[in-house]
Amino acid sequence: MANRTSQSEITLAQGTARKTKVAYYFDPNIATFHYASNHPMKPFRIRMTDALVKNYGLYKKMNVFRPTAATFDQMTKFHTDDYLNFLKRVSPEIYSTGVERLADRKFNFGDDCPPFEGIYDFSSLSAGGSIQGAERLASGECEIAVNWGGGLHHAKKTEASGFCYVNDIVLGILELLKSYERVLYVDVDVHHGDGVEEAFYTTDRVMTVSFHLFGHGFFPGTGHVLDVGVGKGKYYAVNVPLQYGIDDETYHQVFRPIMKRVMEWYRPSAVVLQLGADSLAGDRLGMFNLSMRGHGKCVEYMKSFGVPMLMVGGGGYTIRNVARTWTYETARAVGVDLPVHLPYNEFLEYYGPEYLLDVPMSNIPNHNTQDHLEKLVAAITEHLRNLPFAPSVQTQEVPIDEPVEADEDLEDPDERLPQSYRDGHIQRDDEYSDSEDEGDRRDEHDYGPSSSNGAASRGRGSRLAASGRGARAANGSAHADTDDPMEG
C-alpha cells in the first residue's frame, strides 16, 4: 500500500526568500474531453495534476481562478473565421458521414487531430486560461500565471496540427503585446514549437526559443538551427535542435547559457514558458531523458530573472509523470518545496508502486556529444550578436495576419508549407494503448540512428515528419531536415 502523507504532515518548506504571487487557472470541464480511442493525448492528465496541486495544499499559496472560455472574437485575433466555424460545427458523427471529409486537406484533420465531441469547447477553455492569465500579468495582479490546460503550440492560423486545434499561446502572447514591448517565448517540449514560431516569424516584438528533438523523421521536422526568422524578425527565432537521450546535465549545458544571453540581449518585458512534459524520461512519444527536477530547473532559472511569466502545459503522454512534474513546477513557481511522498488523492493508484513525487532519469544512451552542444551554443550566440541591444519596438505592428514571405537577401530561406502538405503518412493503428494507466513506464528506447522504417515510426502521433523533410529539401533549402542540425 502507498506510503501516504496526511494533510497534517504536509508542511511546505519555504524555497525562496519570499513567496511569488501566482495566479492558477483550472476548469475541471477541460479534463472531461476525449480525443479518440487509442489517442495518446489525454486531457484527463490536467485533472490529475490539479488533484495533486490541491492535496499538497498549494491552493492556499496561490490565487485560484476558473477561466472563462475564450470567445469566438478573441480567437479570431489569430485564427480565421472559416476555421473556427468548422471547429464549432464538426463532430465525429458528421465527420464519419463523409460530409466534412474535405477537412482532411483543408484543416488537416485526421488521426493526429480527430474531430472529437466538444472540440470547440475544449479549445476555447484552453485558450481562455492563457488569455486571462496574460491579462492578469499585464494588470500587475500576479507575477506568474499558470495554465496547464494550455500550451498547444502546433496549431496554425487555418489548420490543426500535432494534437493542437487552437493556439492558446499565440493568443496569450497577443494579449501580452497590448501592454508589453517585447515578449519572449521559451519552449521545452520535445517537439519544435512550430506554430508559435510561424506566427511571429517576421516580427522583433516576439522572440521564440525552442529546445527540441530534431532529425530522424521526428515531428514536425522543423526547427533547424539556421531557421532564424525573416524580415524584421530575422534572428528573433532561436532554435536549439538536440539529439536522442539528452539528460539533465547536458540539457542545462545549453539551456542556461543560451537563455542567459537571450535575456541579456533581448530584455523581454514578459516571458511565456511552454512546459511540454514529453521531454521527460520514459514519455510514450518523447525521446529525451530529463528528470522531473531537471525539467523543473527550467522554471527556476526563468523565474530567477524576475520578469512576469505565463507558464503553460503542452505535450506529455505518460500521464502520471506529467501530473507529477506540473505539480512540482507549480510549487517551484510559488517558491515552496513539497514532501516527496504523494498525498492521498483520488488518483493515487496511478502512481504506484513508488507513490513518490519523482520522475528519475533512465539509463538510455545520450547521443548529444560535447562537441555538438558546444557548436550549438556557439552558433546561436553568433546569431544573437546580430541583434540590436534591447530593441525599441513600441510602434511596430505584429504582422501575424500576413503570410510569411522570405527576404530575398536571406541566405537560407525556409519556405513554410502547410502542415497538411507535410503530414503525408500515417502510423499503424496499434501503436498506442487505449488504457488510461498506460501500462509500465518505458525506461529504455531504441535511440540508435534510424533505419529506413524506424525513422518513420517515431514521429509525433501518427504523423511522419519525413514528408516535411522531403518537401523542404525539394524546395532548395540549404538546411533541410538532416539528422545532424549542425550540417547545412
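Backbone N, Cα and C atoms are what each Cβ position is placed from, and that goes for glycine too.
Feature annotations, courtesy of TrEMBL:
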| type | residues | note |
| --- | --- | --- |
| ACT_SITE | His154 | active site, proton acceptor |
| BINDING | Asp112, Gly162, Tyr317 | substrate binding site |
| BINDING | Asp189, His191, Asp278 | divalent metal cation binding site |
| DOMAIN | 39-331 | domain 'Histone deacetylase' |
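If you compare Cα positions, the residue listed as 'active site, proton acceptor' sits closest to Gly162 out of the binding-site residues Asp112, Gly162, Asp189, Asp278.
Every protein chain shown contributes to the tally, and the Cβ of His154 (active site, proton acceptor) ends up with 31 other Cβ atoms within 10 Å.
Within the same chain, residues at least six positions away from Asp278 (divalent metal cation binding site) with a Cβ under 8 Å of its Cβ are Asp189, Val190, His191, Arg284, Leu285, Gly286, Phe288, Gly314, Gly315, Gly316, Tyr317. The least crowded of the binding-site residues Asp112, Gly162, Asp189, His191, Tyr317, judged by other CB atoms within 10 A of its own CB, is Tyr317.
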